[in-house]
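Annotation source TrEMBL lists substrate binding site at Arg32, Gln59, Arg64. Residues or ranges marked as active site by TrEMBL: His148, Glu258.
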Amino acid sequence: GATVFSYIQAGKERLFASSKSSVHGSDPAAIRGGIPICWPVFGPPNTEAYEGVYSKLKQHGFARTSTWTYSAEESGSDGEGEKAVFRQSRAQRAPEVLASTAETRALFDRDFSLKYTVHLLPSALTVSLGVTSPSSSSSTLPFQALLHSYLRLPSSVSPPQVRVTPLNTLTFVDKVTGGKQGKEDREVVEVQGPKGEVDRVYYHAPDVLEIKYEGTPGSMKVTKEHLADVVLWNPGPEKGATIGDMEEGGAGRYVCLEPGQVSSFVELSAGQSWEGKITLEFTD
């Protein structure tokens, strides 16, 4: 799944990954933590959209569990930091790009090429997802995309102490209340909901978001590009305990602030490309 599951900066682990979740390629399940790639859909697929092209997909699509190829010729030091590039593609009529698996073709009948870049900078982590519809494609390539970042909290901080800004005035969909829509009226959003659970999709969010902690120094900054929306999620202790691959007490060790393009689909014609990017920065 090309999932970044660890990022150590200033001697500290900045991402959360459950100790019960396997990071080995032989495990078909998505890694519970890190930054899984949700593509070509986010959440349960809309089985009726685009003439049912997503009807065979599972939640969050297949990119986070598929095999990617490391591109050594595109990776290495670039003067700013260290870069690693991974590719995945499905293009029956374009022999110059990589071939997909039979499983991918059976799930999603569209030509595509994906490029995932992980850029380690001196004080930040940047990841970007590039999507291309091959010039030989005869169909439009519609998709959603989201980078599902699990942000590890300082050891002295629990999710109810987390404060997120700026989300005020944004329209959101609240999955905890069954998908009800509302408008955020809080200047500072606390990660607290019924039984501790928060699961909201905020539409058209600012490109720079910040996390701070009540009573504890430090912060996280999430910067996004070409990803209109952001998801704020933590299952809370009760629901977290029911997640099969979640370590004991794990829900209390992270908050997910996930930039994505989910309020609408990106549509690429043959030969067009798109790229979404996030940068994570941490201070103590």
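Every residue number used here counts from 1 along the chain in the order it is shown.
Including glycine, each Cβ sits where the backbone N, Cα and C put it.
In TrEMBL, annotation is done automatically, which means it is predicted and not curated.
The substrate site is set by Arg32, Gln59, Arg64; from the centre of their CB atoms, other residues of the chain with a CB within 8 Å are Ala29, Ala30, Ile31, Pro36, Cys38, His60, Thr65, His148. The CA atom of Gln59 (substrate binding site) is located 13 Å away from the CA atom of His148 (active site).
The recorded positions under consideration are Arg32, Glu258. Their Cβ neighbour counts within 10 Å are lowest for Arg32. Of all the recorded positions listed here (Arg64, His148), it is Arg64 whose C-beta has the fewest other C-beta atoms within 10 angstroms. The two recorded residues Arg64 (substrate binding site) and His148 (active site) have their Cα atoms spaced 10 Å from each other. Take Arg32, Gln59, Arg64, the residues named in the record as contacts for substrate: the widest Cα to Cα gap among them comes to 14 Å.
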